[in-house]
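Enquirer: Take a look at what Swiss-Prot says about it:
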{"type": "BINDING", "residues": "Ser59, Thr60, Arg61, Thr62, Gln86, Arg110, His137, Pro138, Thr139, Gln140, Cys274, Leu275, Arg319", "note": "carbamoyl phosphate binding site"}
{"type": "BINDING", "residues": "Asn169, Asp233, Ser237, Met238", "note": "L-ornithine binding site"}
Amino acid sequence: MNQTINLKGRSYLAEKDFSEEEILYLLDLAQKLKEKKAQGIRHRYLEGKNIALLFEKPSTRTRCAFTTACIDLGAHPEYLGKDDIQLGKKESIEDTAKVLGRMFDGIEFRGFEHEKVISLAEHSGVPVWNGLTDLWHPTQMLADFMTVKEHTGRVKGVKLTYIGDGRNNVANSLLIGGAKVGMDVRICSPQELFPDQDIVKMAEAFAEESGGKITVTSDTDKAVSGADVLYTDVWVSMGEEDKFAERIKLLKPYQVNMDLVKKTGNDNVIFLHCLPAFHDLHTTYGQNVYEQHGLKEMEVTDEVFRSKHSKVFDEAENRMHTIKAVMAATLGDLD
């Protein structure tokens, strides 16, 4: 682990703000913290700290990961849901940030507009961590790359194919994060759902520096050939439920099924998904989709989800370890 890296006092809002060395440092630190937890070694680097967890958007993994990370690090997490905070409704984000910064040592934010998390970081005076915005999902990216490294032994040069809605925050974070660390990132989606061109250009510039490669294509065969990692996400993001019929029509050819897995030509290819995944009918959501659209599986088939290729639960666990690394590195005393 690079001992010269010092992230103390930094906020973690988007991958573009961190160097390749800093991202790799966080991945190494996460691995060390995972080992400490497994061995029962205390690592209370945030002893006595108070952490605000702001959630405009509900979450299972992000909330649980930040909460358990806080407790393992010796901090006290305070959850504030959308009914507990104003954030521009009755109080400006700037004023809320200044108040929270007087009471808390660090702030996590999960919500919609990326500008809100930027404003919190600008005005609170404490480290702020992005648990998800419409634009980026940087803590997810770290968990993804930690899982990739655990199962392939590296991140540089890894061929990662994201297939599905290429405009969403996960695709954006994989593009920029992968470009930063020298991955061969392929985004495969229908042209209507290609990533924002400005983000693609940014990724291409970072890839040129790191030795990575960026491809955006609608050709599934080309995108998955030789892939080490197949990644997908939900076809309809939170707040877009009215677009179900349109998205199903667009994205059905981009479903991750066993035929697509075999087209990679890599028997050891791993499958990742940030979850929740709609791979069966064991949810109310899945039942509704089946009744309205006749689909039993959406972005990934149950066969792939439950196969040897699937590492989604390693990935989910790694949310905790990587979030812990971000918090410890930016707020703790690691000396």
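Cβ atoms here come from the backbone N, Cα and C positions, even for glycine.
Keep in mind that this is a model prediction, so the values were computed, not measured.
I'd like to know what surrounds each of these features in this structure.
Expert: In three-state terms derived from DSSP, Arg319 (carbamoyl phosphate binding site) belongs to a helical segment.
For the recorded site, Asp233 (L-ornithine binding site), the DSSP three-state label reads coil.
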Enquirer: Given the binding-site residues Ser59, Arg61, Gln86, His137, Thr139, Cys274, tell me which ones have a C-alpha lying within 10 Å of the C-alpha of Asn169 (L-ornithine binding site).
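Expert: For Asn169 (L-ornithine binding site), the binding-site residues whose Cα atoms are within 10 Å come to His137.
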Enquirer: If the carbamoyl phosphate binders are Ser59, Thr60, Arg61, Thr62, Gln86, Arg110, His137, Pro138, Thr139, Gln140, Cys274, Leu275, Arg319 per the record, what's the largest distance between their Cα atoms, in Å?
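Expert: About 28 Å separates the two most distant Cα atoms.
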Enquirer: Give me the Cα-Cα distance between Cys274 (carbamoyl phosphate binding site) and Asp233 (L-ornithine binding site), rounded to a whole Å.
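Expert: Distance between the two Cα atoms comes out at 7 Å.
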Enquirer: Which of the binding-site residues Ser59, Gln86, His137, Thr139, Arg319 has its Cα nearest to the Cα of Asp233 (L-ornithine binding site)?
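Expert: Going through Ser59, Gln86, His137, Thr139, Arg319 one by one, the Cα closest to that of Asp233 (L-ornithine binding site) is His137.
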